[in-house]
Every structure is written in C-alpha cells, then in structure tokens.
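Peer 1: The structure under discussion is supplied below as structure tokens; questions concerning it will follow.
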C-alpha cells in the first residue's frame, strides 16, 4: 500500500476529528455540518477499502499535523488566495438559450441541462470557475457550445443548495458528456477546464468514456427527467 495514501487518510481522519469537536460546540453553520456528514461517510468507505481503523488513523494523523505545525512559520499558515478563471466571455455567460428537446437532471447541488435534439455536432465544454491549490474550488457556470457558437448544454450550481466539490463537478461533466454523446456528438473539454477540473482526459480533451458507460449515463438521464 502506498505510504502517501495511508498518511493522507490519517491526516484526513484527524482533521475531521478537529472539525467534529468544533461542531460539538455548536459553532458550525449548515454547510459546515453538511460537509462534516459527507466526509464522515467518505472516511468510513476509505477506511474499509484500506483496511485501516479510523481511531488509530486519527492518532497517527494528529502526530503528523503536530510535526508540520512545529516547523511552520506564521507566514506559511496564510491561506492562498483563490483565482477566478474564465473560459467564457460575459456575453457567452449571460446569453439566453432554449432547448428543442429539453433534458434536465439535478446531481447534488448542481443542475445539468442539455438539448437532446442536437446530433452529429462537434461540441466544446467551457466554464468559468475559481481555483485554489490548483484544483477547482467553485463552479460559476459551465456551458456546452457547438462550433457555430450555439449553447446546447449547461451545468450550474443550485442557489438553494450551496456547496460542491471538484468531484461533484467531474461527475456532472460525465453525465453531460454521456448525454450529448448518446446522439453521436463529439464532445471536447476546453484546455483550462481540462487542467483544473477534468484531469482524466486524453490529449484532445476527450474523457475516456467507453460506449457502454455513455449509454448507461444517457439512460440515467432519460429515467430521471
């Protein structure tokens, strides 16, 4: 087993414990508590996969964190500022669009829309989002454009359900791509989106989705709309 995998799990367990102590003092807000619950489920799953006891891992994680803090200066403890990256122009972000055969799905706190009437087109996904630690922090808006510039799909956060992770965005992108490719469209991810939010792509920015997976995703959209 990779040592980095183990130590990462140990640190995550300890940091979750610190956040839990914070929540026990009734200091956490609703999004904080929601993330705490989701992360608890994730840690249990990772612990089962790795065959590691969470309590033991938490103690080991505490030692790692304490060792790091002893070596850190106050300057190093400052939180890096997030960066706002733009694929789309203001006009592309604000433009109204309509769908001939509308399909919509809510995945967590993200809303996925696409026009199932679009066939045999070359499509590119572009997005505006913030980045921290070289990873997507917050998605502002993602849209799918044809070569002619028409908008044929979109992923946007739901105002009523704030908070999403880069994995949430990846999953939503998979669903959008699967739905569009069901109609024999060719979907490509922009370079900036590929770099920070979609790292499992090939050189053309096309995600490695086998045909059976694409069909499964498209059927999922059909059944849930």
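The backbone N, Cα and C atoms fix where each Cβ goes, glycine too.
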Peer 1: Between the candidate ranges 122-131, 132-141, 142-151, 152-161, where does Swiss-Prot place the motif 'Nuclear export signal' annotation?
Peer 2: 132-141
Peer 1: If I take every residue in the region 'PABPN1-binding' (218-225) and average their pLDDT values, what number comes out?
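Peer 2: Here the mean pLDDT over the region 'PABPN1-binding' (218-225) amounts to 46.
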